[in-house]
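Trainee: Checked Swiss-Prot, it gives:
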- 181: active site, proton acceptor (ACT_SITE)
- 45, 46, 84, 112: 3-methyl-2-oxobutanoate binding site (BINDING)
- 45, 84, 114: Mg(2+) binding site (BINDING)
């Protein structure tokens, strides 16, 4: 199978073809996703909650990410694999580069970091040293204590203008992808249209170039609060492989996320 690359996603954006992505944390699910053609995966620090059982993503370490990245890469050797740099792993550009090197050696193709314009120098340092970067704006879970909980971001003119400015700054610094989480559809549309790089949404409506879901949300195995943007594809299909195919089909057709999964 031909490897999926950042260029593959750039082509999707240019051709206005929506694409699906998903989190993965182990060999078996990564292999299954790849076999069904879901070839863009993220080893997210969400593993702190879904795999380790913590209340937030904050306890996750670089070593945790590297461990799961290695497992996912074994299962999906040709996927485009993103890996989160966890909380306090990129406080300085130098620290970011050292930790990015660890997860890249483990098998990642790209690192994802949360934050806006303050990360410009970090993004430049990484990209100049051959580490591709995916930005992450909106609801950035590592900032949960600043936000006072998991809340929609970017409402109001000032907040939306700031996020657009952040997105443009990250792109100018060299970021090649952007994740937008829990923002109003109208803002997601503005940002997606303003950027040349692909934008992946989660809780950002169906106007972004791609979508991502935490696999546990996609299969309805998340305990406790279920995010508004989540959909249990397994409940409708009764089969994990069929659920993966339905998720991909609904993203590609624009059916998912629907109005009921979106914010304004």
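Residue numbers in this text run from 1 along the chain shown.
Note: Cβ is positioned from N, Cα and C throughout, glycine not excepted.
Map the listed features onto the structure and describe their local environment.
Mentor: DSSP assigns residue 181 (active site, proton acceptor) to a strand.
In the three-state DSSP reading, residue 112 (3-methyl-2-oxobutanoate binding site) counts as strand. Within the same chain, residues at least 6 positions away in sequence whose Cβ sits under 8 Å from that of residue 112 (3-methyl-2-oxobutanoate binding site) are 42, 44, 82, 83, 84, 85, 133, 134, 135, 136, 177, 179.
Taking the Cβ of residue 114 (Mg(2+) binding site) as centre and 10 Å as the limit, one finds 23 other Cβ atoms among all the protein chains shown.
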Trainee: When you average the Cβ positions of 45, 46, 84, 112 for the 3-methyl-2-oxobutanoate site, which other residues in that chain have a Cβ within 8 Å of that mean position?
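Mentor: Once 45, 46, 84, 112 are set aside, the remaining close residues are 23, 42, 43, 44, 47, 57, 60, 65, 83, 85, 86, 141.
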Trainee: To the nearest Å, how far is the Cα of residue 114 (Mg(2+) binding site) from the Cα of residue 45 (3-methyl-2-oxobutanoate binding site)?
Mentor: 11
Trainee: Sequence gap of 6 or more, C-beta under 8 Å: which same-chain residues meet both conditions with respect to residue 46 (3-methyl-2-oxobutanoate binding site)?
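Mentor: In sequence order, 23, 57, 141, 214 meet the Cβ cut-off.
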